[in-house]
Every structure is written in C-alpha cells, then in structure tokens.
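Asks: Quick one: structure below, then a few questions.
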Amino acid sequence: MADCIFCRIVKGELPAQIVYETESVIAFRDLHAQAPTHVLVIPRRHIATLNDLMPEDASLMGEMVLAAQAVAHQEGIADQGYRTIMNCNLAGGQTVYHIHLHVLGGRQMTWPPG
Ligand code: AMP
C-alpha cells in the first residue's frame, strides 16, 4: 500500500531503527516509545487490521509472536517480563492500519491498560 507508513518502512522509503528481521516480518523501535523497550513487529505484507486476518495467515501470526520473543531476548527483557499488544480499530486504539505487535518492557506494566 503506497500510502501506508509501515509499508514504506518495509520498502526502505522511511527510516526506522530495525532491530530484527526475517523473510516475512520486521521489528523496529516505536517512534514514541512508551517503555524503555518499545518495538513493533510487523508483517512485510500489508494487512490492515486483525479483522482482516485469514486462516492462511496463521503461520505468519506465529512468526510475529516468535519474532516478539526473539526481540525480548535480544533486548534482555525476556526473563523479567514484557507485554505484547495488538490494537484493533478505533476503540482498540489502533492508529496505524498495518497490523503490528507491540513489544513493551524494561519497566513494570500495570493492569488494566488504559
Ligand atoms: P497503534 O496505536 O497500536 O496503531 O500503534 C501505532 C504505533 O506506531 C504507535 O505507538 C506510534 O508511536 C508508532 N509509529 C507511528 N509512526 C511510526 C514510525 N514512522 N516509526 C516508528 N513507529 C511509528
């Protein structure tokens, strides 16, 4: 998608601090970090929201979760703990319509989330 900022990061048209990548996913630091570690894991392929996932995307979603795990190890937050979040649509707080798994850590998380 030409007007999707995350597709533009995938294509190298917009700068990003990429910390991890595979053939199908990339992970980069969030521009407005909400924790000492705040990384976004995205599929290279454009999928707008969680609602748009198809059964054939199951392994891609698994790869995203495994990428989040790899990032947590790489960032040294795996053992102390971290949070993964996917926001969906307006009420879910989604602002960028290319699915992304937030990986947050390096501080104590609270519950319930806002
Ligand atoms: P969400 O609100 O769940 O859609 O999350 C979108 C996230 O993308 C926010 O945390 C933003 O700070 C982050 N973000 C937006 N633009 C960029 C960018 N160009 N590079 C890195 N992170 C971004």
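Just so you know, glycine gets a Cβ as well, placed from its N, Cα and C.
OK, TrEMBL features for this one:
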- 5-114: domain 'HIT' (DOMAIN)
- 98-102: motif 'Histidine triad motif' (MOTIF)
- HIS100: active site, tele-AMP-histidine intermediate (ACT_SITE)
Asks: Enumerate same-chain residues with a sequence separation of six or more from HIS100 (active site, tele-AMP-histidine intermediate) and a Cβ-Cβ distance below 8 A; give 'none' if the list is empty.
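Replies: The list for HIS100 (active site, tele-AMP-histidine intermediate) reads PHE6, LEU40, VAL41, ILE42, MET86, given in order along the sequence.
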Asks: Please average pLDDT over the domain 'HIT' (5-114) for the predicted structure.
Replies: 98
Asks: Once the DSSP letters are reduced so that anything not helix or strand counts as coil, what is the residue listed as 'active site, tele-AMP-histidine intermediate'?
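Replies: Reduced to three states, the DSSP call for the residue listed as 'active site, tele-AMP-histidine intermediate' is coil.
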